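First up is the structure itself, then whatever we jot down about it.
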Amino acid sequence: MAKFDILEDLKWRGAINQETDEEGLRKYLAEHDDLALYCGTDPTGDSLHIGHLIPFMILKRFQMAGYHPVILIGGGTGAIGDPSGRTTERVLQTAEQVKHNEESLTNQMKKLFGTENFEIRNNAEWLGKINLIDFLRDYGKYFQVNNMINKDVVASRLENGISFTEFTYQILQAIDFYHLNKDDGVQLQIGGGDQWGNITAGIDLIHKLEGSDRPAFGLTIPLMLKADGTKFGKSAGGAVWLDPEKTSPYEFYQFWINQDDRDVVKYLKYFTFLSHEEIEDLAEKTEKEPWKRAAQKKLAEEVTKFVHGEEGLKEAQMITDALFSGDIKNLSVTQIEQGLKNAPSAEAGSEKKNIVDFLVDTKIEPSKRQAREDVKNGAIYVNGDREQSVDFEVDPSSAFDGKYVIIRKGKRKYTLVTIK
């Protein structure tokens with residue numbers, strides 16, 4: 001049986017930008033079953049975000065094809081900061097911050113990759129043991145300053161200044177690849193396009209110290225842009241996190257289900273494990289019946305399940321269906337808070353109040369006349385029930401958990417009213 005061609009699959013999915021030695025990597029994959037590959041992430045925060053999924057999806061595909069992925073947490077480099085993609089110096093973190101972030105990221109990665117045929121390493125293990133004299137003698141002599149200055153990541157910072165600390169980051173990352181290659185048999189490094197210079201520096205160091213025939217390869221990923229030309233990865237509310245405490249499964253699901261028709265097929269290829277045939281079928285449905293949003297629903301389903309599991313997906317779908325249909329009575333307070341986090345909000349007292357006054361006082365309606373008209377026309381729902389009597393009294397004692405009264409105006413215009 002022929003081997004699965006992982007590189008061709010990645011190309012079809014639009015996941016490869018540059019390769020250092022495609023022919024050499026293909027030859028290695030054809031002759032060996034033991035490829036190990038890695039990508040690094042510095043513990044600059046306590047949660048991964050969807051931008052991290054871009055390289056991680058490639059590692060996951062290699063893992064599913066039987067290869068050995070390694071994620072390198074930059075406990076050493078994270079204390080310094082990668083200048084790639086930045087115009088200003090990073091604020092250095094305390095040792096306590098770095099340690100806390102490392103633990104949080106490790107737990108998230110284990111959820112994505114499991115524990116079989118997967119490894120998490122920390123470069124503090126070896127970088128922390130190198131003193132300045134050893135650094136200069138054993139590694140520094142292999143790096144030419146003129147070459148380092150010409151790397152894009154450094155050249156773009158020279159005008160405004162770059163510290164020696166960040167200038168040496170590429171040497172530290174090169175040491176990482178050298179260490180993992182020599183001691184752990186890692187042959188391939190994955191990174192974003194802005195990591196090309198750091199990756200090639202690592203390969204050069206390996207070849208200088210271990211010989212030019214030592215297998216060492218690099219692969220970078222294209223910059224993910226949306227159809228409107230903006231960078232992928234942000235929602236209207238900012239970063240989309242993998243931590244459910246920062247971005248709830250419902251918000252996460254909504255991010256994917258609201259993707260543009262022009263982007264959705266690209267994201268299906270990149271962020272799901274659906275087959276070529278399944279994706280092509282969804283592409284056809286998007287073209288013929290875009291209003292059904294079949295591709296967006298499948299995208300949201302697959303990525304939410306991958307990150308938050310079956311339970312997180314079911315909850316996200318339950319909240320979505322309830323808010324869409326208006327049948328919200330079976331939602332828990334936590335689910336209501338998830339679903340209406342970004343909805344307009346208001347406050348009201350704990351006393352009963354006529355519905356017309358309630359709507360005006362909470363600024364849901366601009367005037368009593370408009371409030372009466374909307375109530376009579378059946379456009380107002382209180383906690384899921386349509387109220388058409390202008391004499392109806394809103395009773396806070398019937399609020400969800402004694403805390404929230406939910407007003408819906410029209411089909412899906414919700415306001416979350418907190419009872420004080």
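In case you wondered, yes, glycine gets a Cβ from its N, Cα and C as well.
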Annotated stretch (motif ''HIGH' region', per Swiss-Prot) among the listed ranges 43-52, 73-82, 343-352: 43-52
Range among 121-125, 191-195, 231-235 that Swiss-Prot annotates as motif ''KMSKS' region': 231-235
Farthest-apart CA atoms of Tyr38, Tyr169, Gln173, residues recorded for L-tyrosine, distance in Å: 18
Counts of helix, strand and coil residues, the domain 'S4 RNA-binding' (353-419), according to DSSP: 19 helix, 23 strand, 25 coil
